[in-house]
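Q: Residues annotated as signal peptide in TrEMBL: 1-28. TrEMBL lists 29-350 with the feature domain 'Plant heme peroxidase family profile'. Taken from TrEMBL, the feature disulfide bond covers Cys39-Cys122, Cys72-Cys77, Cys231-Cys259. Taken from TrEMBL, the feature site 'Transition state stabilizer' applies to Arg66. Among the features that TrEMBL reports, active site, proton acceptor is placed at His70. Marked as Ca(2+) 1 binding site by TrEMBL: Asp71, Gly76, Asp78, Ser80, Glu92. The feature substrate binding site is assigned by TrEMBL to Pro198. Positions annotated as Ca(2+) 2 binding site by TrEMBL: Asp272, Thr275, Asp280.
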Amino acid sequence: MGAGSVRLAATLLVLVVTAAGSATVCEAQLRRNYYAGVCPNVEAIVRGAVAKKVQQTLTTIGATVRLFFHDCFFQGCDASVIVASTANNTAEKDHPNNLSLAGDGFDTVIKAKAAVDAVPQCRNKVSCADILTMATRDVIALVRNLQLTLALSVGQKHKFQNVTTTLLVQAGGPSYAVELGRLDGLSSTASSVNGKLPAPFLNLDQLTAIFATNGLSQADMIALSADPNPCRTFAGRISGPSPDPTMNPSYAAQLRTQCPANVDPRIALSMDPVTPVTFDNQYFKNLQNGKGLLASDQVLYSDPRSRPIVDAWARSNVAFNRAFVTAMAKLGRVGVKTGAQGTFAATVQC
């Protein structure tokens, strides 16, 4: 699922318990300015580190958002997806479904944590789960200034001078407040990943059901359709004996060049081929034109029950942003650890 390479982040409030077998959802004492007494400038510190990382590479945006989404969908928003495997345990990050998580997402959290710990009063006082939450909000809200330096020949008094000019291209998404106070998880196992992520071939009912296990509505699911996906997840739609006839032919041809046979399984593509580095509602316009990357993307438009939402958000970026912030708030409430369930030390994760 997708939209402008970038979707997904979190604010937190209260959690409800869902059906057995679903991801654990628990009530947590989360609040804004949680670290005011121990690290009052933590949000500014994280934002500064994230801004530097985004300036280095655009892949930071989608990579960080995708990391957050995967983390919350497995054992809750507890940074367990960052934990490294050991000789005795295969961690979440090494499950096949997570191998395409880009290194820039992990690096964003590592650098933000290092910046926080560089302040003596903050060292090991802020959880990795909260740092990932703040970083995700920041990559989405950050107005990235892409400096394009152009060499020009300018005529003055019959003479030409070589000069340069800088264009600033702004492409930021909605900003929102985050509530903090998560603990980091005490365990991370590859087995906890099985069956937790929406498969690329699911129909609307199946998609709605898997999001519902995490307390998310059908509208939330559509708003959060922003996750870049590895080539293997849509290979059957663009090649083989029976390519998907519902996909836009020119888009399918483009994808075949980007994802040739035997491509590295870690390669992931943006869900939005039109504005891949801008947070906007283009994803929904793409669905109207048969440019859903996955079958589970296109079904959001082909199914008459969800099509009205797609059409509404294709018309209004403001309406989409509002729904996205609401959905991100709810996503950030999933499986928050409290008490003996977690730790604030965060030294193992990041």
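Counting starts with 1 at the first residue shown.
Heads up, the Cβ atoms here are built off N, Cα and C, so glycines get one too.
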Q: Please list, in sequence order, every residue of the chain apart from Asp71, Gly76, Asp78, Ser80, Glu92 whose Cβ lies within 8 Å of the Cβ centroid of the Ca(2+) 1 site.
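A: Checked against the 8 Å cutoff, the neighbours are Cys72, Phe74, Gln75, Cys77, Ala79, Val81, Ala129, Gly185, Ser188, Gly335.
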Q: State the Cα to Cα distance, in Å, between Arg66 (site 'Transition state stabilizer') and Asp78 (Ca(2+) 1 binding site), rounded to an integer.
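A: It is 15 Å, counting Cα to Cα.
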Q: By CA-CA distance, flag whichever of His70, Cys77, Pro198, Cys259 among the recorded positions is nearest to Glu92 (Ca(2+) 1 binding site).
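A: Ranked by Cα distance from Glu92 (Ca(2+) 1 binding site), first place goes to His70.
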Q: Please report how many Å separate the Cα atom of Asp78 (Ca(2+) 1 binding site) from that of Cys259 (disulfide bond), as a whole number.
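A: Here the two Cα atoms are 33 Å apart.
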Q: Just give me the nearest neighbour of Cys39 (disulfide bond) among the binding-site residues Gly76, Pro198, Asp280, Cα to Cα.
A: Gly76
Q: Mean pLDDT across the domain 'Plant heme peroxidase family profile' (29-350), rounded to an integer, is what?
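A: Across the domain 'Plant heme peroxidase family profile' (29-350), the average pLDDT comes out at 81.
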Q: Give me the Cα-Cα distance between Cys72 (disulfide bond) and Pro198 (substrate binding site), rounded to a whole Å.
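A: Rounded to a whole number, the Cα-Cα distance is 13 Å.
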